[in-house]
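J.: Below are the structure tokens for one structure; questions will follow.
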Amino acid sequence: METTTTERRRLFATEKVGGRAVYRLQAATVAAGILLVLYYRATRVPAAGEGRAAWLGMAAAELWFAVYWVITQSVRWCPVRRRTFKNRLAERYKENLPGVDVFVCTADPHAEPPSLVISTILSVMAYNYPSEKISVYLSDDGGSILTFYALWEASMFAKKWLPFCRRYNIEPRSPAAYFSESEGHHNPCSPKEWSFIKNLYEEMRERIDSAVMSGKIPEEIKLKHKGFDEWNSEMTSKNHQPIVQVLIDGKSQNAVDDDGNVLPTLVYMAREKSPQYHHNFKAGALNALIRVSSVISDSPVILNVDCDMYSNNSDSIRDALCFFLDEEMGQKIGFVQYPQIFNNMTQNDIYGNSFNVEMCGLDSVGGCLYIGTGCFHRREILCGRIFSKDYKENWNRGIKERGKENINEIEEKATSLVTCTYEHRTQWGNDIGVKYGFPAEDIITGLAIHCRGWESAFINPKRAAFLGLAPSTLAQNILQHKRWSEGNLTIFLSKYCSFLFGHGKIKLQLQMGYCICGLWAANSLPTLYYVTLYGLYEALLSGDTLKGWWNGQRMWMVKSITSYLYGFIDTIRKCVGMSKMSFEVTAKVSGHDEAKRYEQEILEFGSSSPEYVIIATVALLNFVCLVGGLSQIMAGVWNMPWNVFLPQAILCGMIVIINMPIYEAMFLRKDNGRIPTAVTLASIGFTTTAAVGEGEYGRQGGVQIPFQAATVAAGKLLVLYYRATHMPAGGEGRAAWVGMEAAEVMYTVGRPVLCPVRRRTFKDRLAERLPTFKQLFTTISLNTFNMSFGACMKKKLDIFVCTADPHSEPPSLVISTVVSVMAYNYPSKKLRVYLSDDGGSILTFYALWEASVYNIEPRPPAAYFVESEGHHNLCTPKEWSFIKILIDGKSQNVVDDDGNVLPSLVYIAREKRPQYHHNFKSWAMNALICNNPIILNVDCDMYSNNSDSIRGTLCFFLDEEMGHKIGFVQYPQNYNNMTKNNIYGNSLLVLNEADIYEIEEKAKSLATCTCEHRTQWGNEIEIKYGCTIIFTELAINCRGWESVYINPQRAALLGVGPATLAQTILQRKRWGHPSIPRDYESMGYTLRICIILYEALLSGDTLKGCWNGQRMWMVRRITSYLYDLIDTIRKLLGLSKMTFAVTAKVSNGDEAKRYKQEIIELGSSYPEYVIIVIVALLNLVCLVEVILCGMIVITSIPIYEAMFLRKDKGRIPSSVTLASLGFVMLAFLIKY
């Protein structure tokens, strides 16, 4: 039999990133510098009583940073890029592609506005993928009727939107993003048609927003779908019954859009919640989605996106499939990860949200991180399957006739799977599903996948797959990173530490790579002790601007002393049993003023948060130290050698400069985003107390901390060496010295040695390869998990979308995501979209009902309409005005305007009761998990931005060489609200004839509170409970699966990033850090700075963005990471329990305006802000001292000339010069 070259061509290519020889040379110089510093520290330890304690502290800090630097080198040694070939995918498999389930999660309709959620929903519904093979699931952990209403609206709007997207092949396919980015006259459709669609979308969004503001759904609307009957006046977001509603049944012949094409399946899920049962946060929601989708669509591929991460690339599915379906490598790829990109990122990334450099490095060793959104998984790996070379994926699963079951029966069955008790005594959250017990359920889930033998792929296409909303305020950023760092540190301190859990299962380099984020919070203490300059070059190479890099430095400090500090404290409290795990929803909305300030890149404070007190106090302390030091030198009080004082003053001055926005927010700004007076007064009080204590110490003969400039001139090792050999004696500043040394050791720890890779898929090969597989494989029973590839290609792909609160995650945003994944460039009848509404909100259900269908990039209508104007399109306004009467859940005409079958669309609200823990997003995901071979889970704000993402993902799973081992494909988490500088451095479907209502009843039973009781859900099955979603990835990896991180040129998913500093801190407190540390600890090498800048610029960063990243690196380590370290210790000691804080996806107008202007948002009294302000003020004081001393030196130049240079008789006599030198020497002898 003749075998053509085309049949064997790879669907994706892996290319090494250039410039490694130069980097390795630079790394060698850094290593040499580190060794010299450590040697210096060890050989120059001062005698007791001469500042020895301070010296030892500095040595310990430098030792820590040396170790951390070694660890982080694992992701820097050999990064790779991935490139897919979608044309080959299309040629090889044509329409015989697997189904994709898209999971979108939301939790709070106020923090994540429903209008934002449905924009993501619509974007993933509109993928450039057969609609019948897309199923979109929205998990509403808030169980809000507002979110359900928004999803219902989206389901109606989808009939118009999907044909519009396909007809004109627009990008992005989120209506909000599309109409905000484009104008009608620049689009292929007619201005009249463009305006028509835009008006329909805006009318729908207004209805949703009005419902959210009033908190009520019009009675006439409730009569249009039976799902509204699920809500009653006694239901709350924390205590409600399970709800599963299929708004669009993609298997129904009547589920078509206005063109007659099949619509994607659209499902709303609100798992049961009860105060008596832990709901396991997002991991619980994802696990609930996995179960619910298994009885509705059961697609072999699952995409999960955050509700604010809309699809920005309609080809994201096809890109991902290029990994899964590659004959050579696809069998080993467990998941394909797209980068997390923010569309509201400021030019200079003021809050430092960049994340991609390290993902490419991890990808080179087969294990890019699963970051919880924008990731394509094989369904089987989420169900705990261990990689085996003999295993053949059943890509046809889910593409079958439903039989005698009607939709009501299926809904009832699905509802039983999302009860509070369903997972009891089961392996859900442990060996099955997303891992429980950790805030970072995504990280540990990915690790588990890798440990099961699967690989992963990271792909960052030219057009971002997904775009989200980055935190636009400092409070949001700190909250976000507190949550991340807390989860990662908890994992590191548990039995799931990658060195323990992954020993013998994954490569040592990958174990080290996982530890990078696991030690984020641990960096907080030495950071507070030792603040230094770092990776400007690397930030620029990653796409930051110079101002963005500077913002990153500020935010690094802010988060380290706020988010991470509280995260540390909360973790420790939970470990010792003093608190319980919770999930704080990050707001997806902001006021007009907040939004205005955010757009202006102005930090948003505006509230009396205790974190702000820390930030302000740190800034003030540095300012006072700088000014006080200079004044003391000028007044002759301190006779300190310049080699000791000057480097400290320079470092302190840099901290003061980086904290200028803090000082402005304290003393100069008059807007509502300024630091409240109460915070400023509290910070001044703490600073005054510290200054008085330091003055008393100095009068008692305390020795000042010696110079740190050696780290700038000679590297970390020289600093460590100096600390070790100049230890002051006891009682003479030794404690301060030891503290500084400990911080410096901590910073010496850098990056592990990895060979980063980039993923590239070949979707054209994917499409052309199917005939070959039909000849190569023989169909075997499904129970053997060894079905033929040809049969596999007939299965569906489930898309899980999770939401929880129609206020934090607006239903309009959720349905935008749902519609975007329904519109994938993938057979519609192979797509089933499940919306898990963990808030169980009728508003979310209504929004889903309102959603409609079109072929646009990005696919969420919200993104599409934001990017475009009506008069630029080829469509006519007439199409637009009919969107509000799109899809009736009880109607049989479920096709689009072109007559194509629509993807299945299911609404799920798992049961929630106070008696049952709902395991947060993990349970929602587990409730959604279905029997389709591929599941795509997306957050409700992460709309599909690339309609070929499914095909791109399949290129990994279906690769003949590597695909069999890949357990999941992870796309990056991109944000569409990122400012320019990133200010907060923030096979064929066989249609069934069953009635849709029977399926709804069947699915409803799977979302009850009791469904997981006494099961392995959240443990060995699906998404892990009790941890962040990273834990689930860890479990998948430890079962032998690998994962793939793919970041296509067009982002697969786009979400909403926090737009305020408070939201950024919240997010980073939860995550640990917006991005894996970029070796910012490197101190002072010219070559090092050049390489870092080059790498940052090469990654698309700007010089200003790189600078912002440096600021946020410092801010996070003295706020978010510090608090997280404390929280982790408290949890380990049982003093507190795990919580989950949702990062806000919205901000008010002023915040948004300041964010766009790249002004850091500090307008609340967060305790983290006190730390930031103290650090900034202390360094400002020190810098002023240096400047004043320099001015004295300049004015005294004639004196120096008269003493040493002049030869005339007017010079200073030699006797006077000798006498002066004698007095100076005597002063030094008295001092020391």
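Every residue gets a Cβ built from N, Cα and C, even glycine.
Where the annotation comes from TrEMBL, it is an automatic prediction and has not been curated.
The feature transmembrane segment is assigned by TrEMBL to 21-41, 53-71, 612-638, 644-663, 1169-1200, 1212-1230. The UDP-alpha-D-glucose binding site feature in TrEMBL is assigned to Glu112, Asp141. What TrEMBL records for Asp141, Asp442 is active site. Sequence annotations record features per position, and here TrEMBL assigns Mn(2+) binding site to Lys282, Asp306.
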J.: For the transmembrane segment (1169-1200), could you work out the same-chain residues 6 or more beyond its ends whose Cβ comes under 8 Å from its Cβ atoms?
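T.: Non-local partners: 474, 528, 531, 554, 557-558, 561-562, 565, 605, 609-634, 645-646, 648-660, 662-663, 666, 675, 679-680, 682-683, 686-687, 690, 1114-1115, 1118-1119, 1122, 1162, 1212.
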J.: Given the recorded positions Glu112, Asp141, Asp306, Asp442, which one's Cβ is surrounded by the fewest other Cβ atoms within 10 Å?
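T.: Least crowded of the recorded positions Glu112, Asp141, Asp306, Asp442, by Cβ count within 10 Å, is Asp442.
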J.: Across all the protein chains here, work out how many other Cβ atoms are within 10 Å of the Cβ of Lys282 (Mn(2+) binding site).
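T.: For Lys282 (Mn(2+) binding site), the count of other Cβ atoms within 10 Å is 41.
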J.: Starting from the Cα of Lys282 (Mn(2+) binding site), work out which of the recorded positions (Glu112, Asp141, Asp442) are within 10 Å.
T.: Asp141, Asp442
J.: What whole-number Å value do you get for the CA-CA distance of Asp306 (Mn(2+) binding site) and Glu112 (UDP-alpha-D-glucose binding site)?
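T.: Between the Cα atoms of Asp306 (Mn(2+) binding site) and Glu112 (UDP-alpha-D-glucose binding site), the distance comes to 10 Å.
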J.: For the C-alpha pair, I'd like the distance in angstrom between Glu112 (UDP-alpha-D-glucose binding site) and Asp442 (active site), rounded off.
T.: 20
J.: Roughly how many angstrom lie between the C-alpha atoms of Asp442 (active site) and Asp141 (UDP-alpha-D-glucose binding site)?
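T.: Cα-Cα distance, Asp442 (active site) to Asp141 (UDP-alpha-D-glucose binding site): 17 Å.
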